[in-house]
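Chemist: My questions all concern the structure below.
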Amino acid sequence: MSNTWWWLSIVLLILALMPGMSQQAALTESDYYTAGVVEFQQSILSLSSWSDSLAGYVEIINSENASATDIIVFPESTLNSAGSTTFVPNPEDQINPCLIDPNATLYEEFLVTLSCAARNASKYVVINLTEKQKCEDVPEDTRPCASNGLNVFNTNVVFDRQGVVVSRYRKVHLYGEAKNSTFLPELSTFETDFGVTFGHFICFDILFYTPAHQLIVEQGITDFVYPAMWFSQLPFLTAVQTQQGWAYANDVNLLASGASRPSIGNSGSGIYHGRSGPLISVMRQDSGQRAIYVAQVPKYTRTRSQPQRVRRSAAEIQSRQVASSSSFYMKRDYLENYESEVLQLDAGTSGAINRTICQGSFCCNFDLAWRSLGTSAENGSYYSYRLGAYDGWRNENNVDANYIRNCALFTCSGDSIDDCGKLLPTEGELQQSRVTFTRLEIAVIYPESREFLLFPDTLLDSLLPLEPSQFEWSQRKPTEDSYVQEVRFGLKESQEVSNLLTFAIYGNYYDNECTFGVGTAEEQLTCGYRSGSARLRILGGWLALPLIILAVARIG
């Protein structure tokens, strides 16, 4: 009899577990998962107290709009501050703050509350917070410690559906923040019950190899969570423009969640499906918001085959708003360092130009045609355009620098280069487009490097980029054993665009180490560039002949 009861209990246990097991199997086998990214405005009150932000977070997690989501991502630096830091459990310990610390004696109340919110809603929840850690917990770090014995980090925390802390990532590339970096950079990932492994990084990290690009190259990660408080910069690095370009170039899924305060340059959230482009994206103007944006995200297969274009519903396609200097605060790139020239657009006439612009040995070929719109409003204003090339370090003080090689068509609000990278002050219909571009094509020979990333970089006056269906991108080595890449970037033949702010190729060379053509012959050999052939041309002019060939061949 005892054996009978034992077997019966086993059968009943299996029957009890079957619904959960079948549900998890369905999640794993599904072709997509449902994600939500949060555009979140922190109130002025929340700058000194976390209670209002916490209430906003919990409201969004429990909202009807979030009900179908498997994973929700919140932005950077919109929860707590340096005055309310919290310890964070080590993910290896699989700690559930909601269950083990209900009275918030070990961790701050907001961490416990969000653990419970994730558990109650049965969702993966990604938050960003200001973390504290005892210096003595990292004995291998011999750097000086603060007088209170604590390190302070900008940290992502991931809760699973049970509220367990399953992952933690501390920001590597701080952006003028009075916080610590880890002794060694962290590469953080987490697995989910819907069969996707995510990597994560934070805001400014996106411009560097470690950890963002490194997770793709070394671990093959195809899906990323990305909290940000991005300060947009014209003409190349506004928030959605950068997010979409990075996801496109790497052909990965990116769940980007942005802080929302346009008056200081913060906004930009989206869900991107690699070469297919945005599933949904938003760039707020005038006022910030607290809202979740949801999309079904196709999973990548192990073969990484090109996915089908995912159509967006009409509700997800937002009305166009023209940006002005009063609707969004913009930082500006150091465009005076570019080799540039004005694109002459004579009033009332159409035209075309084929021009090569070089800075040193780095050259960009531009093939453009435009049609005059011939309309102007009284008291209206319009942008002028410049063509530019740049080969050098990004000039931004007191932050980590990356080396870039850019080719660009960009707008100016006046005649001087100092007027470039600025929004017009006039709003709405008072902003006039003088021309519509009927052909846009940039051709470049880029040197290979140990670590580099090239991506299409566009921006419309709505502060959103062109979608991949509107352009063509080609990047290839001319021969198997060459050390350069031919890149062509152009509008599709059927496309015309009149409200363009930027059309560029952004070449991010990170630290510029082991770049072909840079350094002595001995250094080039050490980097693996073989000698004894025409491939190893180090001094000026190494781009000239290939660029002439590229200029002749149009994108077909």
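Cβ atoms are placed via backbone N, Cα and C, with glycine included.
Not measured: the values here are computed from a predicted model.
Positions annotated as signal peptide by TrEMBL: 1-22. Residues or ranges marked as domain 'CN hydrolase' in TrEMBL: 33-299. TrEMBL lists Lys171 with the feature active site, proton donor. For Cys203, the entry in TrEMBL reads active site, nucleophile.
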Chemist: To the nearest whole angstrom, state the Cα distance for the pair Lys171 (active site, proton donor) and Cys203 (active site, nucleophile).
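Modeler: Cα-Cα, rounded: 9 Å.
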Chemist: Check each residue in the chain of the residue listed as 'active site, nucleophile' that is at least six apart in sequence and keep those whose C-beta is under 8 Å from its C-beta; list them in sequence order.
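Modeler: The answer is Glu76, Lys171, Tyr175, Tyr226, Pro227, Ala228, Met229, Trp230.
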Chemist: I'd like the number of other C-beta atoms within 10 A of the C-beta of the residue listed as 'active site, proton donor', please.
Modeler: 26
Chemist: If you average pLDDT over the domain 'CN hydrolase' (33-299), what do you get?
Modeler: 96
